[in-house]
Amino acid sequence: MLNFELITTDGNARRGRVTLNHGVVETPIFMPVGTYGSVKAMSPLELNEIGAQIILGNTFHLWLRPGLDVVNAHEGLHRFIGWDKPILTDSGGFQVFSLGDLRKITEDGVTFASPVNGDKLFLSPEISMQIQRTLNSDIVMQFDECTPYEIDGRPATHEEAAKSMRMSLRWARRSRDEFERLANPNALFGIVQGGMYEDLRDESLAGLSELDFHGFAIGGLSVGEPKEDMMRVLEHVAPRLPANKPHYLMGVGTPEDLVAGVAAGVDMFDCVMPTRNARNGWLFTRYGDVKIKNAAHRNDPRPLDESCACYTCRNFSRAYLHHLHRVGEILGARLNTIHNLHYYLQLMREVREAIEQHRFADFRRQFAADRARGTQ
């Protein structure tokens, strides 16, 4: 099930509420990524404490390891990973297409060599729907081909992007048909493709709208294209998505990208950036970014962000985080991840409040001014 309530708007920015089988999600929302069934360096308890409402699981990786038999023995992903709130799973398409020369695409689906042991495997819209039914995720994504920005070292042509998008549309219908055949009680999202071409994005959305998905995602962005192209496509597509359905921007991005996405009409975001950057010592704060390995932090007694109420900022100095990073302590990665995810989730809390109070434009200006202090 999925129920979407649009509470209020401020320009194109939307304040909404998504009710799913495992709980309610207040939007706009950022969704931490748990590729293998865990958000790296975080326990479910810590995710709850920082206010995570929904997390991502990766269909492709969970299918390969631990395998569906293991997840099925736990009656789904929620019990297996000890998380009782909503979960969104991607379709596995992006990971398969990332394999490059190791895979072969046909109308039926994709044949590829397992990155785990080299076994020959096949993934199709039907198989993706079957895997996601076993995972029992609250939001299921259609199986699609993520149109690359570059093909053979040059931007994809209109013809190449059109061919890819139209196959994704045919796969969308097959995904929906299999989802319904399985009597899946959860929600299914369609994915708008079309590369950097607005007319192809419009064609994709028109085709998906006929299939009446529970929600709509924008795919194929943040795949290597210049930022101005990403924003051009985002600002074209997001306001055109059905107003009565949730809007999800896949795999994006920086704090600035999230705020720009909200301004365009996006409700849901995911990205590995806050967790991956945390492990590499790159931290996001209200007043710009912090590279904790820099020598300037060696004797700094201040918290990362004096305006932040996360466990890391309440208890530890920049000097201590610098020390942990320099000596390679696991605790450093954990404390950094707690902070970065808290920052992203707090940013979304402030965005929701600003939309409710119809001051999102002012919020956006202040956000940009604060973040413009740059990297320390």
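Cβ coordinates are placed from backbone N, Cα and C, and glycine is handled just like the others.
Binding of Zn(2+) is attributed by Swiss-Prot to CYS308, CYS310, CYS313, and within the candidate set HIS325, HIS339, HIS358 the record adds HIS339 to that site. Swiss-Prot names ASP90, SER91, GLY92, GLY93, PHE94, ASP144, GLY220 as substrate ligands; from the candidate set GLN130, GLN193, the record adds GLN193 to that same site. Feature annotation (Swiss-Prot): of 223-229, 251-257, 300-306, the stretch labelled region 'RNA binding' is 251-257. For CYS310 (Zn(2+) binding site), the number of other Cβ atoms no farther than 10 Å from its own Cβ, over all displayed protein chains, is 21. Taking each of the binding-site residues GLY92, GLY220 in turn and counting other Cβ atoms within 10 Å of its Cβ gives the largest count for GLY220. Put simply, of the recorded positions ASP90, SER91, GLY92, ASP144, GLN193, the one whose Cα is nearest the Cα of CYS313 (Zn(2+) binding site) is ASP90. Nearest by CA distance to ASP144 (substrate binding site), out of the binding-site residues CYS308, CYS310, HIS339, is HIS339. Each residue in the region 'RNA binding' (251-257) gets a DSSP state, and the totals come to 3 helix, 0 strand, 4 coil. Nearest Cα neighbour of GLY220 (substrate binding site) among the listed recorded positions (ASP90, CYS308, CYS310): ASP90.
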